[in-house]
Structure formats: structure tokens, C-alpha cells
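Undergrad: Take this structure first; my questions come after.
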Amino acid sequence: MTEVKSKETRAPSSARDGAVLLQAPPSRGEAEGIDVALDGLLYPRSSDEEEEEEENEEEEEEEEPQQREEEEEEEEEDRDCPSYRPGGGSLSKDCLDSVLDTFLAPAAHAAPWSLFGPEVPEVPVAPMSRGPEQKAVDAGPGAPGPSQPRPGAPLWPGADSLNVAVKARPGPEDASENRAPGLPGAEERGFPERDAGPGEGGLAPAAAASPAAVEPGAGQDYLHVPILPLNSAFLASRTRQLLDVEAAYDGSAFGPRSSPSVPAADLAEYGYPPPDGKEGPFAYGEFQSALKIKEEGVGLPAAPPPFLGAKAAPADFAQPPRAGQEPSLECVLYKAEPPLLPGAYGPPAAPDSLPSTSAAPPGLYSPLGLNGHHQALGFPAAVLKEGLPQLCPPYLGYVRPDTETSQSSQYSFESLPQKICLICGDEASGCHYGVLTCGSCKVFFKRAMEGQHNYLCAGRNDCIVDKIRRKNCPACRLRKCCQAGMVLGGRKFKKLNKMKVVRTLDVALQQPAVLQDETQSLTQRLSFSPNQEIPFVPPMISVLRGIEPEVVYAGYDNTKPETPSSLLTSLNHLCERQLLCVVKWSKLLPGFRNLHIDDQITLIQYSWMSLMVFAMGWRSYKHVSGQMLYFAPDLILNEQRMKESSFYSLCLSMWQLPQEFVRLQVSQEEFLCMKALLLLNTIPLEGLRSQSQFDEMRTSYIRELVKAIGLRQKGVVANSQRFYQLTKLMDSMHDLVKQLHLFCLNTFLQSRALSVEFPEMMSEVIAAQLPKILAGMVKPLLFHKK
């Protein structure tokens with residue numbers, strides 16, 4: 001009765017509903033340390049441990065039973081010791097406290113070292129050796145709760161205080177089910193049960209404990225390591241397991257509870273990150289309320305821990321309150337050898353060690369050296385980055401994922417992204433001609449552009465180009481090279497190529513694999529220059545620049561006296577060579593091969609004159625500033641030679657074109673888009689067979705012209721005016737080309753009388769199409785109405 005009264009006089013703590021403060025006996029001479037390992041959380045190492053690791057595992061297993069027997073004998077001697085004062089509580093209460101003392105007392109200390117900043121402050125704390133008088137004083141209205149210790153209380157030698165928040169039991173039936181038959185209940189152990197109150201059935205907040213005072217010895221430091229906040233159900237259940245198991249091992253008549261152990265993978269679900277994303281109470285070394293554990297020893301467990309009556313899940317418990325103070329968990333650790341997880345990775349854990357909250361074995365993680373100390377971090381990557389964003393951010397990238405599938409992914413955390421050829425998907429060897437490609441596609445593009453190859457697709461211009469089938473259709477392969485933005489002169493921009501390689505690696509880090517249909521979007525990203533030394537060029541314009549034909553020579557002999565017939569004959573041969581270049585250029589033009597083959601032939605026959613005159617005007621503008629007509633490098637007509645020719649009026653009409661280029665200062669990008677639109681500038685009256693594809697293609701090149709205008713002009717008004725001027729220039733080409741067609745047809749009809757030669761191809765085109773064009777059987781596409 002005396003013992004019951006002394007317990008009733010103690011007021012229950014108001015720090016947490018359903019929480020019971022576990023106190024130690026009044027006095028202890030010495031306490032033995034038992035291995036407590038946080039498997040998968042922290043594995044600090046010291047110099048003593050490195051020496052002990054060299055011992056054989058068999059010797060450690062033989063020493064374990066002897067140490068356990070010695071611990072039990074010393075605990076029995078402590079109960080019979082004269083220094084033991086039974087007035088501090090009942091016998092069962094003292095047994096319970098002795099169990100806690102045994103788990104919490106270290107036997108020695110390892111070499112000191114610190115990891116995460118400042119040492120743990122030395123704050124006096126209420127010892128576990130307080131008597132009932134002190135407990136009664138604490139129960140007063142003005143006395144601090146268990147979370148606020150008395151600074152003047154004497155310290156219990158060789159141990160720290162432990163405040164554990166235990167889940168309140170919902171009722172007698174649940175309490176009887178959760179403990180083994182014959183085991184004493186909460187009242188029999190020496191402390192009363194508390195009502196759950198409004199929070200019955202919920203979780204008691206974890207570890208609202210007082211800051212534990214640490215009294216280091218001479219030259220002794222403490223490892224102050226913040227770890228994940230744990231669910232209160234985990235702490236409460238683990239506390240009950242520790243109490244019951246130790247009571248069974250202390251020689252009681254009741255055997256240990258036979259409960260299936262919970263896999264370590266399930267325990268990781270009990271940790272939860274801070275609710276509001278703010279910095280936790282353990283950031284920057286601040287000292288907050290925490291659970292502190294000191295342990296020392298090296299040993300391999302031999303039996304699985306009996307933990308929880310049944311396999312628990314987070315859904316079985318209510319979520320802890322998030323509005324109040326965030327629960328925290330700190331640990332002061334010394335030598336602790338991580339026991340292997342049960343299963344395929346090694347022997348099961350012992351009942352003396354805390355279960356791990358990591359789902360991966362420590363062997364999967366590479367050791368980290370922080371501040372000169374060798375340590376292995378075993379936190380799961382997902383939980384660590386969500387729960388502890390403020391914990392050493394520079395080192396979070398070294399934490400491996402806790403699953404095998406993530407480690408076997410295409411791009412592991414220690415490997416560089418693979419460079420993929422944008423043409424065939426093979427491994428790229430570098431940035432060739434402005435695009436990241438392999439060596440095979442590099443050589444193919446160079447030979448195709450420098451040679452006189454005329455590739456034709458045997459299918460529908462949609463052949464698959466990959467590593468295996470890239471040699472099947474060179475036409476589709478070359479078209480894909482041009483669409484990707486390969487330019488034969490791109491190798492001159494070495495600085496741009498280096499920038500493209502860097503950006504390609506950045507794109508590969510964000511997207512592990514580049515799909516074939518994403519080539520254009522990726523090319524657009526690669527074409528951007530951050531330093532603005534090389535202006536941004538849209539990918540389509542880059543393709544147009546790459547397929548632009550080279551300059552063709554007329555083969556005119558300037559040493560001979562010039563006659564009207566010889567000049568016209570030279571111009572006809574030059575037109576035939578340029579017509580071949582137009583055919584080759586049109587095949588490489590993006591979208592043109594998607595049209596019907598008859599439509600392709602018709603468009604070339606209707607527009608060849610426009611394309612050749614427009615290109616001649618551009619050469620005159622670029623090479624001679626519009627002062628002469630630059631037909632070819634070996635055939636340039638100045639004003640005097642124009643007057644001496646038989647077509648001086650036509651020369652004056654053609655001369656206006658380069659002068660307009662000079663007045664408008666047309667850029668190369670604008671010229672390339674306008675030239676592509678001139679190919680699509682005239683159609684038959686009845687329309688084309690693939691009219692819808694034609695309209696879509698023409699619309700796309702009009703958009704490209706707008707983009708080209710936007711490269712130089714700033715503002716909507718300026719862009720609109722520029723677009724109006726350029727489209728008016730293209731509309732004026734119809735009148736100029738009509739005059740040239742009429743002169744060409746008349747010369748062709750009178751070729752024998754004028755002694756003018758016409759090549760075979762030119763003769764066929766003129767005889768078949770010029771009469772239809774001059775008869776008005778075609779439809780010119782105008783941007784503006786006359």
C-alpha cells in the first residue's frame with residue numbers, strides 16, 4: 001500500500017497525452033552496456049573498432065553467451081547490493097528501471113570525433129535516480145514537466161536520461177492481447193496507466209524528452225548526428241518490446257513473446273518528413289528536445305528481434321499531430337557495428353538491437369569520408385531527401401537509391417550520360433557539322449554533300465534510319481541529316497560545337513534517352529548560343545543553308561570575241577547546269593519529297609526560271625553589291641556588256657532585283673525562305689494531286705520567313721512592314737519571269753535562225769511547259785492583290 005500511495009502522489013506529466021515517463025532506480029554503482037544499433041541509419045566508426053574488426057566472428061559469437069550470463073549475474077547482485085534502496089519504488093518498478101539502466105549505460109567510450117558541426121551542449125538534466133520525494137516535488141503545479149529537467153538535480157553516474165513517449169493503450173482488452181500470458185501489466189510494473197483522453201487510439205507524439213546532459217570525460221567528444229523523425233508508434237512499440245524481452249532474459253519464469261519480426265522495409269514507412277517543409281529542430285546544430293542514446297560495443301546478433309505482435313503498417317495508426325512542435329530524434333553514438341538484415345543478405349538481427357528503418361543492406365552503399373572520418377551513410381535516398389533537405393545538401397547526391405532497380409537504370413549516379421547520334425541512334429563520337437552524330441553518319445553526310453550523288457527513295461520517303469538499317473536508304477538518311485541541322489561548313493564554328501556538346505550532355509541528364517521524333521526540338525536547343533556571339537538560327541533555316549547549291553561556272557571563254565549568239569549559247573548551258581542543281585536542291589528541301597512525284601515535276605518545271613533569276617540577283621547583291629549581273633564567276637555582265645547584248649531590256653529588268661536586295665538589305669535567312677517559297681509560287685489551274693500537303697508546306701515556309709524577319713527586326717510593326725516589303729518583292733517576280741519566259745520561247749523557236757544552241761533538257765522543258773505558262777494555264781500564287 002505504501003508503494004501504491006507513493007506512486008499516486010506523483011502527478012502525471014502533461015507534456016503528452018498517453019505518455020509515461022520511465023525513470024531509473026535511485027542509485028546505481030555501475031551499469032553494463034548492451035549493443036543498440038540503428039541499422040541502416042548511422043554507422044560511426046572509430047580507431048578501436050578497426051582493431052576489433054580483425055577479430056574472428058566465431059570468437060565474438062562465443063563471447064556473447066558469456067557476456068550475457070555475466071550481465072544477468074551482475075544485475076542479480078545489484079538487486080541484493082546494500083546500496084540498493086527499495087524505498088525508491090516497488091520491486092517490479094525497480095526491476096523495470098534496472099532494465100532501462102542496463103540498456104542505456106555505456107561501459108567505456110571510444111575515440112572522440114565529431115561530424116556535423118558543434119558539440120552537444122552540456123545542459124544539466126533530471127537524473128533517473130530521483131527518489132519519491134523529488135518526484136512528489138515535480139508533481140507540483142509550478143514544477144517543470146518531464147520535458148524540462150531540474151538543473152540542480154544530481155547526475156546518475158555513467159548514464160544519460162531517457163524520456164520515451166509511449167502509446168496509450170486503448171483498453172484492457174487490447175492490453176491483454178498485446179502482452180504475453182503472465183507478463184505484468186503497466187500497473188504491476190510500478191507505474192500507473194494513463195487515460196488516452198480525447199486522443200485515445202491516436203499516436204503519442206514521439207520523443208518530447210528533455211535535453212540529455214552529457215558529461216564527457218577527459219578529451220571526450222560526442223557525435224551529434226541528427227537522424228530522421230520517427231513515428232510515435234515505432235517508439236512506443238519498440239519500448240514495449242525492449243521491456244518485455246529484457247524481463248524474460250532476466251530470469252523470469254515467462255518466456256519471451258513469440259512475435260513475428262517485422263521486416264526492415266516496413267519500418268521505413270514510419271518515418272515522416274516535417275509537415276511544412278521548414279527547417280527541423282536539429283538544423284545547424286541547435287539543441288532541441290531529443291531522444292539521446294549512448295551505446296558502445298561490437299557484436300553480431302544471433303536471433304531475430306521479436307517486435308510487434310503482428311505485422312504493422314502505417315495505416316494501423318493515426319497520423320501524429322502536425323500543428324504542434326515537430327518531434328525530433330537525436331542520437332549520441334559510439335562504436336556500433338551494423339548488423340546485417342535478415343534474409344538473403346546475412347543473419348537476422350538480435351533482440352537487443354533496434355530495428356533498422358533502411359530497406360537496403362549497408363553493403364550496397366559506398367562509404368563516405370566526411371571531415372576526415374570514414375563513415376557509411378545508409379539512409380534511403382528518397383526518405384533522406386524528403387525528410388532532411390537541410391542535412392548537408394552537398395553530400396545528398398552521393399546517397400544511392402535504396403532499390404536495385406534504380407541502381408540498374410540506364411544512367412546510374414556515378415556514370416556520365418551516353419551521347420546518342422541524332423541520325424541513327426548509335427553512340428555519338430562528337431559534334432560533327434553542327435550536330436551530335438556518330439562517325440558513320442559524319443562520313444556519309446560529307447560524301448553525300450561533296451559528291452554528285454542523286455539519291456532516290458524506293459519507298460515513300462519515310463524509311464526507318466537506325467543503326468541496323470541506316471545503309472538501306474541513303475536518300476532518307478541524307479534527308480534526316482539535313483533535318484537535324486547538319487551543315488557542311490559547320491565545322492568552322494569550333495566554339496559553337498563545344499557549346500553544343502555541353503548542351504547535349506545537359507539535355508541527356510534531364511532526359512535519359514532522346515527519341516527519334518524529338519530530333520527537331522533537340523536541334524533547336526542545340527542551336528542556341530548563350531553568349532550571343534553566334535545568333536540564334538531556327539533549325540529549318542539551318543537546313544536551308546546546308547542544302548544551298550554551290551556556285552556553278554558557265555564555262556564561258558572571255559578570250560574570244562563576244563557575239564550575241566555565243567553569249568546566249570553560254571547562258572543556255574549555264575541554265576542547264578543550274579537546272580540540275582535546282583532538281584537536286586528540291587529533293588533535299590524538307591517537305592518537298594512528301595508531295596506526289598507528278599507534283600514535284602510540275603513545280604520544278606513551273607518555277608525553275610524564277611529560282612535561277614532570284615539566285616542570280618542574290619549573287620549580284622552579295623559579290624558585286626548589285627552593280628552588275630553575276631550569272632557565274634566567269635560570266636559577269638556590267639552595264640556596258642548589257643548594252644551590247646541582244647536582250648538589254650531584259651538585263652535592265654533583271655538588274656532591278658539586286659538593287660532591291662541592296663535597298664532592303666535582305667539577309668541570307670530571308671533569302672533562303674523566299675527562295676523556297678518561289679518553288680511553291682505557281683501551280684496548275686486544276687491544282688495539285690497532293691494539294692493539302694502542298695498548302696501545309698507553303699504555310700510552314702511562310703512561318704519560317706516570319707522567323708527569319710524576327711531575327712533582325714524588333715517589334716510587331718517593324719516585322720509587319722518587313723514582311724510586306726519582302727512579299728511584294730516575291731509577287732513582282734511573276735512579271736519578270738513572264739518576260740523571261742516569252743523571250744526564251746521566242747529564242748527557242750528561232751534558235752536555228754539565231755544560231756543559238758539549246759541543251760536537250762532545256763529544250764524538253766521549254767517545249768512542254770512554256771506554251772502552257774504563257775497561255776495562262778497556270779495559277780500564280782500572290783501574297784497581295786494587284
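Using N, Cα and C of the backbone, Cβ positions are placed for all residues, glycine too.
Heads up, here are the entries from Swiss-Prot:
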type: COMPBIAS; residues: 1-10; note: compositional bias 'Basic and acidic residues'
type: COMPBIAS; residues: 48-79; note: compositional bias 'Acidic residues'
type: COMPBIAS; residues: 186-197; note: compositional bias 'Basic and acidic residues'
type: COMPBIAS; residues: 203-212; note: compositional bias 'Low complexity'
type: MOD_RES; residues: Ser210; note: phosphoserine
type: MOD_RES; residues: Ser259; note: phosphoserine
type: MOD_RES; residues: Ser529; note: phosphoserine
type: REGION; residues: 1-95; note: region 'Disordered'
type: REGION; residues: 110-212; note: region 'Disordered'
type: REGION; residues: 252-279; note: region 'Disordered'
type: ZN_FING; residues: 421-441; note: zinc finger
type: ZN_FING; residues: 457-481; note: zinc finger
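A description of the local structural setting of each listed feature is requested, covering burial, neighbours and distances.
TA: Mean pLDDT, taken over the zinc finger (457-481), works out to 88 on the 0 to 100 scale.
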Undergrad: What does DSSP give as the helix, strand and coil breakdown of the zinc finger (457-481)?
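TA: Looking at the zinc finger (457-481) with DSSP, the answer is 8 helix, 0 strand, 17 coil.
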Undergrad: Per DSSP, what is the helix/strand/coil residue tally across the zinc finger (421-441)?
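TA: Per DSSP, the residues of the zinc finger (421-441) fall into 3 helix, 7 strand, 11 coil.
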